[in-house]
Amino acid sequence: MSDTENTNLTPAPAAEKTLGMRKNGKQWHAPKKAFRPTSGLKSYEKRSQERAIMIQVKAKEKEMKEEKEEERQRKVQAIKEKRAKKEEKERYEKMAEKMHKKRVERLKRKEKRNKLINS
């Protein structure tokens, strides 16, 4: 009797959960596991650090875009000024063909005064 008591007292090895036959008959497929999204795995500190880094990156990108746009606007303005100067020169040359040289000079001075007053 003591032999049977000793066998009953020893704990059985941990019962492994054995998977039986699959109900749908597709035994060649790997068994499915519970869906665990990765969104909950990051800590709050890590997410806040990533947000801070993203804010810095966005600010740097915005600054670079503004610099690029400013450079483009400066080039456009220079081209416009150059064209305006060229048009004005051509206009004075046309006037010089028709009028006396001194009169054209007087008109130039008069127009420059008007530009300064109007602007």
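Residue positions begin at 1 at the first shown residue.
From the backbone N, Cα and C atoms, a Cβ is placed for every residue, glycine too.
Taken from Swiss-Prot, the feature compositional bias 'Polar residues' covers 1-10.
Look at Swiss-Prot and you will find 1-46 (among others) tagged as region 'Disordered'.
According to Swiss-Prot, the feature compositional bias 'Basic residues' maps to 23-35 (among others).
If you look up Swiss-Prot, you'll see 49-106 marked as coiled coil, on the strength of sequence analysis.
Remote same-chain residues near the compositional bias 'Basic and acidic residues' (60-98) are listed as 104, 107-108 (criterion: CB distance under 8 Å, separation of at least six residues from the stretch ends). What Swiss-Prot records for 60-98 is compositional bias 'Basic and acidic residues'.
Sequence annotations record features per position, and here Swiss-Prot assigns region 'Disordered' to 60-119 (among others).
The compositional bias 'Basic residues' feature in Swiss-Prot is assigned to 99-119 (among others).
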Using DSSP, tally how many residues of the region 'Disordered' (60-119) sit in helix, strand and coil. 57 helix, 0 strand, 3 coil
